[in-house]
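Copied over from Swiss-Prot:
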type	residues	note
BINDING	Lys46, Arg49, His78, Arg97	isopentenyl diphosphate binding site
BINDING	Asp85, Asp91	Mg(2+) 1 binding site
BINDING	Asp85, Asp91	Mg(2+) 2 binding site
BINDING	Arg96, Lys180, Thr181, Gln220, Lys237	(2E)-geranyl diphosphate binding site
Amino acid sequence: MGHFSEELQQVQTRINRFLEAQFEGIESHNAPLLEAMKYALLLGGKRVRPFLVYATGQMLGAEKQTLDYAAAAIEAIHAYSLIHDDLPAMDDDNLRRGHPTCHIQFDEATAILAGDALQSFAFEILTKTPNISTEQKLALIQILAQGAGVQGMCLGQSLDLISEHKQISLSELELIHRNKTGALLIAALKLGFICSPHFTDKRLEQSLTQYAEAIGLAFQVQDDILDIEGDSAEIGKQVGADLDLDKSTYPKLLGLSGAKQKAQDLYQSALSELEKIPFDTTVRALAEFIITRKS
């Protein structure tokens with residue numbers, strides 16, 4: 001995992017610099033909006049979604065300069081979603097990545113606007129993507145919009161909110177997280193895929209999608225485990241928040257040991273999909289990172 005950690009750190013450094021550069025020349029007009037956007041987008045984070053964009057795209061021959069734009073766009077969407085998730089009307093969290101959440105650092109109205117603006121910012125960045133065809137550029141916009149909206153992340157959050165204080169089945173829980181967490185991870189792989197010369201290969205797209213579905217669920221299972229076993233200082237947010245909100249989680253439905261086995265099963269499913277892909281791939285190491293991470 002040492003080699004993978006180095007690659008992840010390189011991605012973090014590259015995407016952070018690129019994201020910072022996207023704000024150059026934008027006037028704040030003394031409003032707090034721009035600072036709130038920067039606060040949410042640039043204040044740390046694992047950058048798993050950008051890593052997936054780069055790893056998939058480079059594996060398939062995409063240019064790194066092209067991938068910068070797709071990676072930045074999906075991270076902007078992710079940052080907006082975290083701002084809104086943390087709001088009092090949603091998950092009501094005060095801590096994110098070891099720092100006060102956006103609505104605590106600024107105020108609730110500014111946080112909402114910062115989330116709105118980051119969503120628009122993501123698509124503005126995508127329209128500037130160089131070295132690809134108009135067809136590919138439109139496909140990037142479509143994939144990110146679908147992954148983030150009513151067929152993906154927003155649907156998952158809505159389902160999650162209405163399931164609070166209710167007993168739900170494992171299949172219902174998986175539906176929530178296939179959308180809330182998994183949809184953007186699938187989008188990340190597809191963005192990298194679309195930026196590559198192989199973007200018309202439907203069989204390859206299918207294997208990548210199934211891999212992403214498995215690691216997307218595994219990511220959430222591990223999140224639920226860390227909400228029980230994690231350390232607040234290490235994971236950068238409050239431990240036990242799911243329990244406080246009476247949310248259905250994998251440990252709640254399967255027990256802690258059952259949840260850990262579920263993560264292992266999903267890891268094996270992800271690896272079996274990668275065996276169908278005839279490329280050397282860093283995304284294999286990502287699957288291991290997801291189920292062993294401590295934050």
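Cβ atoms are placed via backbone N, Cα and C, with glycine included.
Features as recorded by Swiss-Prot, highlighted on the structure.
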residue : record                                : contacts (Cβ under 8 Å, 6+ apart)
Lys46   : isopentenyl diphosphate binding site  : Leu8, Gln12, Arg293, Ser295
Arg49   : isopentenyl diphosphate binding site  : Ala71, Ile74, Glu75, His78, Leu184, Leu185, Ala187, Ala188
Asp85   : Mg(2+) 1 binding site                 : Asp91, Asp93, Gln157
Lys180  : (2E)-geranyl diphosphate binding site : Met153, Leu155, Gly156, Gln157, Leu159, Asp160, Gln220
Thr181  : (2E)-geranyl diphosphate binding site : Gly156, Gly216, Leu217, Phe219, Gln220, Asp223
Starting from the Cβ centroid of Lys46, Arg49, His78, Arg97, which together make up the recorded isopentenyl diphosphate site, report each further residue of the same chain whose Cβ lies within 8 Å of that point, ordered by sequence. Gly45, Arg47, Val48, Glu75, Ala79, Leu82
Near Gln220 ((2E)-geranyl diphosphate binding site), how many other Cβ atoms are within 10 Å of its Cβ? 25
Span of the recorded isopentenyl diphosphate site, as the biggest CA-CA distance among Lys46, Arg49, His78, Arg97 in Å, is 16
How many neighbouring Cβ atoms, not counting its own, are there within 10 Å of the Cβ of His78 (isopentenyl diphosphate binding site)? 23
